[in-house]
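Comments concern the structure below.
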Amino acid sequence: MLKIGIIGCGTIATMIAKAINYKKINGTIVALYDKHNDKSQDLNKLTNAKICDSIDKLVKEELDIVIECASIKSVEEVATKSLNHKKNVVIMSVGALADKNLFSKLYKIANDNEKKIFVPSGAIAGVDAIKTASIGRIDEVSLITTKPVYGLEDALKNKGIDTTNISEPTVVFEGTVFDAIKEFPQNINVSVVLSIASKIPAKVKIVADPSATSNKHEIIVKGSIGTIKTVVENNPCKDNPKTSALAAYSVIRLLKDLSEPIIVGT
């Protein structure tokens with residue numbers, strides 16, 4: 001049985017706890033931490049875990065894996081401390097890995113400790129095919145993400161865009177994955193997953209659509225294998241419209257696979 005520690009007790013952590021209770025994961029949540037203690041207390045209504053008051057204390061528990069569900073800013077600390085305490089780690093706030101220096105640092109720490117960093121596929125499809133294609137040559141990776149205006153509201157306000165003036169599908173960003181994750185840190189983690197899988201930086205376009213009711217991700221990858229095209233329209237989580245249900249399911253599936261005798265997919 002997988003012994004799990006969770007850092008960040010929000011929507012995804014709650015869905016993991018429910019999946020364990022429904023026997024979809026052969027595991028148990030041993031320890032929890034959130035900088036807002038009330039969130040840890042709320043999540044612990046679904047578990048029988050130890051509530052820790054720091055990341056340092058959580059990583060010292062007897063765990064097989066630590067799941068980061070907190071924020072991009074927390075990734076370096078969570079991953080570094082988990083790996084150095086001989087724990088595998090899952091990074092949900094994968095946007096942090098757009099930082100090349102941090103990526104290289106965590107790669108080395110994981111390698112030195114003979115542990116793994118897991119990056120779930122998140123809210124997109126085709127990651128297995130793209131990883132496989134990267135064995136050959138990939139020439140181009142592009143992502144067009146369309147989201148409801150309310151799902152992008154915080155980032156748009158930070159850019160000085162008045163969302164009340166958006167009355168039709170509007171391109172609010174076009175550029176590299178590196179700039180995309182800086183301007184939309186809570187909305188475009190999938191672009192970093194795509195870039196890691198393909199090993200080349202994705203070209204990103206973000207569209208705010210006032211009529212949209214789901215998050216849509218269109219991916220085109222071209223290379224020596226030909227062309228890969230995928231389109232996913234994700235329903236949001238009921239409890240948090242900024243989180244796609246598929247993103248939460250991807251980490252649940254990953255945890256399930258870690259204890260499965262047969263694993264399908266690359």
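Keep in mind that glycine also has a Cβ here, set from the backbone N, Cα and C atoms.
The following features are taken from Swiss-Prot:
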BINDING   Ala123, Asn189  NAD(+) binding site
ACT_SITE  His217  active site
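You'll find the Cα of Asn189 (NAD(+) binding site) roughly 12 Å from the Cα of His217 (active site). Asn189 (NAD(+) binding site) falls within a helix when secondary structure is assigned with DSSP. The sparsest Cβ neighbourhood within 10 Å, among the listed recorded positions (Ala123, Asn189, His217), is found at Ala123.
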